[in-house]
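Read through the structure below, which is laid out as structure tokens, and then see the notes.
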Amino acid sequence: MSCADDHDIDPENPLNKPDVPDYVQDAIRTLIEWAGDDPAREGLLDTPKRVGRAWLEYCEGYKEDPAIHLSRVFEEVGGYEEIVLLKDIPFQSACEHHMAPITGKAHIAYLPHKKVVGISKLARVLHGFARRLQVQERLTAEVADCIWENLEPQGVAVVIEAQHGCMTGRGVKTPGVAMTTSRVMGCFLEDPRSRKEVMSLMGY
Ligand SMILES: [Zn+2]
């Protein structure tokens, strides 16, 4: 094996893809069989490897503490103390009860108190918690709590609207139905006018 190209990593090159151990592939073969198909047929031969790698990506949030994205704050904000809102952030997660996809969008707002962060960091916090096995209620709370604890803002509001694969594709089979969860803290919880303002900025 040559190491000449080590710094030139092509994710499409099979040599650069993470190894999926046999016991993981066996588990996926068992699931395919249990579902009623033949894991030895041609189209499914490489599926256990692909599924193993895909799940590493779906769950890459376990590799990080999302709070890391809020560690670099700007304190010189010229007295800016108005709502900062990142709206319609698309995300994907996986429900911890069925391992089915949860897809939706999040709105994240805070009213700063001295500290602000680069706006993309709010999306990174969301993805850090979303790329795990989740329930939507906990995802909403974790994102809000993380911002609350790390930025010490005057208020935080997180609203998530999502569709659940376990609901649209099985059970009651209701495609198109979205679930909405929210968590509001600080002034958005205590002051009805602030709450109304942030909710109307979010489009509610
Ligand atoms: Zn579920």
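Yeah, the Cβs are placed from backbone N, Cα and C, and that goes for glycine too.
The Zn(2+) binding site annotation in TrEMBL covers Cys95, His98, Cys166. Around the Cβ of Cys95 (Zn(2+) binding site), 18 further Cβ atoms fall within 10 Å across all displayed protein chains.
Here TrEMBL flags 25-202 as domain 'GTP cyclohydrolase I'.
Feature annotation from TrEMBL assigns region 'Disordered' to 1-20.
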Three-class DSSP secondary structure - His98 (Zn(2+) binding site): coil
Cβ packing number for Cys166 (Zn(2+) binding site), 10 Å threshold: 16
